[in-house]
Every structure is written in C-alpha cells, then in structure tokens.
Amino acid sequence: MEKVQQTIRAPRGTELQTKGWVQEAALRMLMNNLDPEVAEKPEELVVYGGIGRAARNWESYQAIVDSLKTLESDETLLVQSGKPVAIFKSHEDAPRVLLANSNLVPKWANWDHFRELEKKGLMMYGQMTAGSWIYIGTQGILQGTYETFGEAARQHFDGSLKGTLTLTAGLGGMGGAQPLAVTMNGGVVIAIDVDKRSIDRRIEKRYCDMYTESLEEALTVANEYKEKKEPISIGLLGNAAEILPELVKRDITPDLVTDQTSAHDPLNGYIPVGYTLEEAAKLREKDPERYVQLSKESMTKHVEAMLAMQEKGAITFDYGNNIRQVAFDEGLKNAFDFPGFVPAFIRPLFCEGKGPFRWVALSGDPEDIYKTDEVILREFADNEHLCNWIRMARQQVEFQGLPSRICWLGYGERAKFGRIINEMVANGELSAPIVIGRDHLDCGSVASPNRETEAMKDGSDAVADWPILNALINSVNGASWVSVHHGGGVGMGYSLHAGMVIVADGTEAAAKRIERVLTSDPGMGVVRHVDAGYDLAVETAKEKGVNIPMMK
C-alpha cells in the first residue's frame with residue numbers, strides 16, 4: 001500500500017460539495033473516517049482494526065470522492081471492496097451507495113487467499129465501520145464496552161467495579177475504549193499495548209489516565225488505587241503474551257481479565273513475543289509465514305495465561321478478537337473454557353433490539369450534538385441508566401473528527417429518536433443534517449460464531465442468512481448507504497455482517513425513510529433472537545407488535 005501524506009478532513013457547515021445532502025453525508029463520513037483525529041493510519045487509508053480500510057487504494061479513494069460529487073439524487077454508486085465499480089440509475093428513496101467489502105466464497109474465505117487478492121489489488125479488508133464510512137473514533141465502541149463491564153460488575157461485583165483490578169491488552173481504535181469504560185464503572189485497569197503511540201493517543205484523548213513502561217509501577221499504582229477504591233487507568237507498554245505469564249508466575253490474579261489485541265489478524269494485528277514494532281515490521285515483510293507462526297504461538301501463551309488466571313478466580317472473557325480460536329487451532333484444547341462477551345453479558349440487550357446506535361453532526365458544530373443529548377435526557381428520562389451514560393459521555397468523551405454521540409437504543413426507541421432529530425433539522429434547531437448509523441456489531445446484523453452469535457440457544461451460531469436479510473430490508477426501506485462485509489472483528493472466515501446509515505436532512509421523504517429503516521433494522525434483532533428461542537425476544541416482539549409469522 002502506497003503511503004500518502006495528506007491531511008483529510010470532512011467539510012463543515014452547510015455548503016454542499018455534492019448534489020444533495022445524502023451524497024454529502026457519504027462524502028463527509030468517508031473523509032471523516034480518514035481524519036487524523038479519527039483514523040489509526042490515515043496515510044495508508046487504515047481506519048482501525050489492523051488493516052481495516054476506508055478505500056482500496058488512493059486511486060480508488062479519489063474516484064469515490066469524484067463519484068460522490070457528481071452523483072445524482074436518483075442514482076446509486078456501487079463500491080466493491082473499496083473500489084467504485086458502477087453508478088446505476090435507481091430512485092430517490094434508494095440508497096445512494098451500496099458497499100460490499102472483503103466477501104469471499106466460503107471455501108476460499110481465509111487470510112491466505114485474501115492476502116493473495118489484496119496483493120493483486122483486487123480486495124481490501126473493510127473491518128466493520130472502516131469500509132462502511134461510519135467510524136467515529138473510540139467513542140464508537142465506548143458505550144458497548146461500558147455496558148459489558150457494567151454487566152460484569154452487576155453479575156460478579158455487586159454492581160460496581162470499585163475496588164477491583166481489570167487486566168486487558170490492546171489500545172487500538174476499538175480496545176482503546178477499555179480504560180475509560182472500566183473507570184466509568186469505578187474500577188482500576190492495567191491496559192497493555194506494545195505500541196507506545198496507541199497508549200499516547202488514548203491518554204491525549206482522555207481515554208487513559210497514565211503511561212508507564214514498568215510492570216512494577218503499574219502494579220504499585222493499581223494496588224494503591226484498588227485499596228482506596230478509586231478508579232484509575234494505567235497504560236502499560238509491553239507485550240501481553242509476556243506480561244500475563246509473568247503475572248501468573250508471580251501468583252498475581254486480577255479480578256477481571258480480557259483482551260482486545262488485534263488477534264483477528266495474526267500477520268498485521270499481533271506482535272510476537274520478543275520483537276519490537278520495527279523488528280516485527282521487518283519480519284512481516286521478509287518472512288510472513290514465520291511471522292504468522294510466531295504470532296500464533298504468542299497468542300497461545302497469552303490464552304494459556306488467561307486460562308490460568310481464570311482457574312485462580314479471575315472473571316475471564318473473550319472480547320471478540322478470535323484469540324481463543326487461534327489458540328485452539330494451535331492445540332490448546334481448552335481455549336474456549338472462558339466465554340465470549342456477548343453470551344456472558346450482552347445478549348439480553350440484543351433480544352430487546354438494542355445495540356450501538358450513533359449519530360454525527362455534519363455541521364461540525366458540537367452544539368448540535370449537545371442539543372441531541374438533551375433530547376435523550378428528555379424523551380428517555382425514565383431510562384436512568386441511559387441518561388447516566390449521556391451525562392458521563394458529555395463530561396468525559398472528547399470528540400474525534402466530526403462531533404458525534406453513541407448510545408444503545410432499542411426497538412421503537414431508535415425510530416422515535418430519528419423522527420425527533422429530523423424535525424429538529426427541519427425547524428432549524430440543528431444547523432445541518434445529522435447522520436444516523438450503527439456498528440455492524442448489532443442485534444440483528446451479524447453472523448459471528450465466536451462473537452455476536454456465539455452459543456446461540458438453538459445452535460444457529462453460523463447461520464449467515466440474517467445479515468443478508470438485514471442489508472436487503474434496509475436497502476428497500478431507503479437507508480442512505482448499506483454495506484455487507486466479511487471478517488470484521490474476528491478475521492477471515494469467521495463472520496458476515498451488515499451495516500446501514502440513514503441521513504436526517506429535515507425533509508418529509510427522509511422522515512418516512514427514517515421511520516421504515518429505524519424500525520426494520522432493530523426489528524431484525526428481535527426477529528433473529530425470537531427465531532433462536534429467546535423468551536425475552538418473544539416478549540419484546542409481542543409487546544412491540546413485531547409481526548413474526550411462526551412465533552409461538
């Protein structure tokens with residue numbers, strides 16, 4: 001991948017670079033994904049998650065920008081793995097962009113084949129929100145991480161992480177949410193990363209409190225704050241596959257253990273034991289096969305240490321990066337003895353159609369987001385947990401790129417909120433349209449047996465019809481852009497998932513599209529979990545009037 005040193009920043013204000021606000025939204029969100037405040041390696045088009053890109057290469061990026069600038073409001077741009085391949089006449093209620101990223105026929109759905117295609121310039125890895133142009137920086141995963149640690153606290157620590165120590169690793173675009181999520185729940189956390197730049201970035205954006213290169217200092221500070229029952233987050237420079245076994249050797253057992261290193265990609269995401277970043281980069285280039293093998297061996301040691309800590313009483317869970325699968329394939333037969341975070345903590349929310357709903361102010365004016373915060377606090381005042389989240393986010397979350405907000409809303413709530421936002425744009429309360437979207441990690445848009453659909457009640461973990469149906473219904477209902485990806489979060493061969501974005505531009509047509517899309521999208525989550533036999537999903541469907549032909 002050619003590196004290009006240029007600063008990309010989404011336009012602000014109400015002046016259009018395109019022929020309509022939906023096209024403008026797509027353009028601004030693509031550019032926002034590559035804003036240096038947002039992207040991990042913008043010079044390589046990498047947004048987050050190892051090699052999760054916004055476009056296949058710089059030529060494709062420019063072609064997408066040019067296409068969006070000339071796209072009519074009754075046309076649809078097709079993007080294949082980060083390359084614009086066609087513009088067809090459609091209609092005004094159709095999506096302006098349809099994206100398919102990283103999708104491979106199952107027999108060939110592995111990293112080796114993907115890399116062959118990538119080398120030939122035929123494919124890119126879109127992760128989840130990188131290639132679908134709706135990444136908002138670390139805030140995008142923050143509430144989900146906060147909810148996960150909050151539920152762990154409710155289940156195991158009397159509702160708070162006060163006086164507890166969490167040990168984790170990985171402070172990239174996704175994992176970087178962990179330190180703040182733990183301290184928001186009152187706990188102490190040591191978060192390990194091998195890349196000083198990642199730790200520095202989290203400290204700069206106030207997601208992490210302090211930096212150290214010393215395990216001794218990290219433990220001393222952690223114990224001091226744990227005793228005081230005060231929260232602190234400590235970014236520790238080092239390799240988790242070395243530090244965790246060392247802690248096991250010393251008989252030091254944290255209260256909570258997880259991991260968000262980029263283990264989903266053994267070549268580009270994980271650094272083997274004994275290598276600096278520079279040495280790893282050289283080996284990756286010179287001998288990728290040896291690199292991958294060393295990486296897998298290190299991951300196995302990492303998981304062995306997590307299992308040892310679990311045996312000693314630590315609440316241990318996988319945070320969706322497929323590290324257990326790698327260790328299992330390397331011969332560690334009890335790698336799956338600790339659960340994934342979705343079955344352990346999140347699935348009840350999915351049954352209610354809840355998930356990581358987000359919105360972005362295209363104006364670039366933070367006041368537009370603060371006004372929408374007030375809407376949440378007013379309209380959902382009976383949901384104390386949600387309102388607490390909004391208040392904390394306002395105080396503690398620094399915007400990256402265009403101002404944005406995330407909160408978990410369920411079936412019915414999303415459509416209600418979308419209607420209000422569109423009205424606020426229409427009457428001028430908000431200074432420009434709002435983009436409404438979500439992560440692909442949602443209640444009804446993913447098939448990922450080692451993450452979102454792990455341990456489904458009926459054994460349907462690997463059934464991949466659901467994300468396809470999700471993308472289809474969102475497209476026909478008028479989402480502004482819709483994406484279908486493969487391999488996000490857990491790597492090639494392990495997931496299929498769909499994303500959607502809808503623009504609230506204040507028009508009556510947008511109001512109708514918002515009503516349809518923000519009903520069917522979370523509705524798919526309720527339907528998927530009803531089909532799998534979850535009582536809470538059945539209750540939700542009956543209470544909310546979701547029409548499911550064979551529901552009992």
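In case you wondered, yes, glycine gets a Cβ from its N, Cα and C as well.
Secondary structure at Cys407 (active site), taken from DSSP and collapsed to helix, strand or coil, is strand. If you look up Swiss-Prot, you'll see Cys407 marked as active site, on the strength of sequence analysis.
Per Swiss-Prot, the feature NAD(+) binding site maps to 49-50, Gln127, 173-175, Asp193, 239-240, 260-264, 270-271, Tyr319, Gly489; the stated evidence is sequence analysis. DSSP assigns Gln260 (NAD(+) binding site) to coil in the three-state reduction, outside any helix or strand.
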Listed recorded positions (Ala263, Ile271, Cys407), ranked by Cβ neighbours within 10 Å, top entry: Ala263
Closest of Asp193, Gln260, Ala263, Ile271 to Cys407 (active site), Cα positions, binding-site residues only: Gln260
Cβ neighbours of Gln260 (NAD(+) binding site) where a neighbour is any other Cβ within 10 Å: 25
